[in-house]
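Remarks on the structure that follows.
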Amino acid sequence: MNTTYDYIIVGAGSAGCVLADRLSASGEHYILLLEAGGSDRSIFIQMPTALSYPMNSEKYAWQFETQPEAGLDSRSLHCPRGRVLGGSSSINGMVYVRGHACDYDEWVEQGAEGWSYQECLPYFRRAESWIHGEDTYRGGDGPVGTCNGNDMELNPLYQAFIDAGQQAGYPKTDDYNGYQQEGFGPMHMTVDKGIRASTSNAYLRRAMKRSNLTVRKGVVTRKVLIKNKQAIGVEIEVGGKVQSVYANTEVLLSAGSVGSPQLLQLSGIGPKAVLEQAGIAVKHDLPGVGENLQDHLEVYFQYACHQPITLNSKLGLISKGLIGTRWILQKDGLGATNHFESCAFIRSRAGLKWPNIQYHFLPAAMRYDGQAAFDGHGFQVHVGPNKPQSRGRIWITSADPHQKPNIEFNYISTEQDKQDWRDCIRLTREILAQPAMDDYRGEEIQPGADITSDEAMDAWVRQNVESAYHPSCTCKMGSDNDPMTVLNKDCQVRGIDSLRVIDSSVFPTIPNGNLNAPTIMVAEKAADAILGNTPLSPSNAPTWIAPQWETEQRNGAAQRPMFHQQRK
């Protein structure tokens with residue numbers, strides 16, 4: 001086996017597959033891609049509707065648990081991360097959200113020069129093949145296919161939710177990934193011709209045909225090898241046997257927001273006190289490694305449905321068999337969607353320049369494990385505030401790479417985060433009370449009509465909120481003036497040569513949306529930096545900001561007003 005390559009990429013996930021493809025494309029560089037997991041060739045991964053299976057499987061995901069969270073009545077939350085070709089893009093819900101333009105301008109304000117929306121948009125476009133073709137915002141011939149599932153045609157509840165949002169005084173948006181994120185509209189997904197568009201399918205399949213790319217599965221990366229403040233390779237373990245492989249040019253960590261800080265710390269790069277307590281020799285004291293941890297939380301608003309039109313009638317074995325058979329034969333129908341086909345992004349209060357609350361609408365009432373939430377028909381809205389103030393951390397407690405790191409998000413630890421949740425619940429009730437839902441809306445199952453006071457809402461959220469599985473920001477990019485910055489603008493580790501981190505851990509702050517699309521964008525942009533390519537020319541595409549954002553929470557009045565909030 002060859003032991004020396006030009007580039008070693010650790011993690012064949014959302015970012016690593018992109019890097020493997022882009023760095024191997026010219027044929028002049030020899031690339032080694034290391035993945036702890038195995039093949040993604042499974043109907044449970046490839047068929048979009050089966051998304052709950054890989055997410056909850058030991059075979060395809062690291063099944064992490066958080067430390068007991070003080071803000072959640074000491075509950076520990078589930079935190080699965082992909083451990084398979086494609087990484088979390090092979091186990092996620094396939095929701096395609098780029099985030100708001102202001103999220104990226106915020107990165108620049110945080111010191112990540114070169115990552116403004118105008119500079120990121122060309123890379124979003126390069127990665128994407130939007131089913132309706134390219135325009136100023138959307139890509140038309142990129143590797144990742146995106147669509148709206150079944151275009152909301154298989155259930156009237158999708159459109160009813162959009163109509164209810166407009167009746168509540170919010171705008172409609174035809175494309176939240178384009179000019180206007182704020183508002184109610186169709187939701188987009190990484191599904192291409194009925195099949196999950198993971199980065200394994202989109203990038204790695206074609207790259208694996210090249211002789212200069214070597215992909216090794218079932219490999220545990222134990223640490224980065226550091227010599228004189230330079231990364232020279234990695235120590236790996238295969239079948240219990242430990243060996244070293246070397247990089248002539250660079251080592252690239254794409255192990256995710258849990259795995260990358262863990263690996264840096266195991267390599268002696270991180271907060272000195274953490275390393276010493278774990279029995280690790282300090283190679284480089286970098287206090288920000290594992291800090292700044294952010295995530296999205298969500299709850300399910302669940303209602304009974306008066307009409308027998310929801311997916312609850314499709315949960316039996318016969319229905320699942322018919323859906324699966326049609327998908328196998330035709331790659332369409334209910335098997336070819338994640339079922340989140342309408343959505344919304346709104347601001348919870350006046351004075352917010354861009355949305356901080358996201359809705360996923362589902363024409364069923366079920367749990368994340370795919371089981372029905374209650375007997376009969378129902379629908380639900382997944383909702384949560386997406387710009388939390390709370391920050392957590394990840395740290396190792398042992399030099400053993402097989403021991404899971406400690407993960408503490410410190411959820412809902414500020415008063416503003418608590419207030420955002422109260423506003424979120426009241427605003428959601430008001431939206432679902434609008435006339436467009438009258439023909440469908442039955443009893444409020446969850447939270448329940450008795451959850452009305454601040455105290456009751458706080459308690460219900462603490463007991464019922466779940467992670468949206470968006471851990472991020474643990475190796476943040478920024479300026480050298482910030483002592484907690486881990487990476488420079490080119491994703492290079494401060495103080496260590498020939499070592500970069502490229503995945504969702506590099507985000508300075510979490511975007512308003514799901515993380516797969518921005519992670520792919522980061523990898524596309526970083527690939528150009530690694531290769532020394534001239535960055536794509538910045539876009540001058542405009543973006544919509546609510547004209548009265550400083551004084552108005554929304555642009556209109558609700559037909560059935562229920563929410564009374566002080567204007568700023």
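One-based numbering along the chain as shown.
Even glycines carry a Cβ here, placed using N, Cα and C.
On a predicted model such as this, the values are computed, not experimentally measured, just so you know.
Listed in Swiss-Prot:
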ACT_SITE  H470  active site, proton acceptor
BINDING   6-35  FAD binding site
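Features recorded in Swiss-Prot, as mapped to the structure shown.
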residue: D6; record: FAD binding site; Cβ within 10 Å: 16
residue: V10; record: FAD binding site; Cβ within 10 Å: 26
residue: S14; record: FAD binding site; Cβ within 10 Å: 31
residue: V18; record: FAD binding site; Cβ within 10 Å: 31
residue: R22; record: FAD binding site; Cβ within 10 Å: 22
residue: S26; record: FAD binding site; Cβ within 10 Å: 10
residue: Y30; record: FAD binding site; Cβ within 10 Å: 20
residue: L34; record: FAD binding site; Cβ within 10 Å: 24
residue: H470; record: active site, proton acceptor; Cβ within 10 Å: 23
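Between the CA atoms of S14 (FAD binding site) and H470 (active site, proton acceptor) there is a gap of 13 Å.
Residue pair V10 (FAD binding site) / H470 (active site, proton acceptor) shows a Cα separation of 20 Å. R22 (FAD binding site) and H470 (active site, proton acceptor) have their C-alpha atoms 25 Å apart, to the nearest angstrom. The shortest Cα-Cα distance from H470 (active site, proton acceptor) to any of the binding-site residues (D6, V18, S26, Y30, L34) is found for V18.
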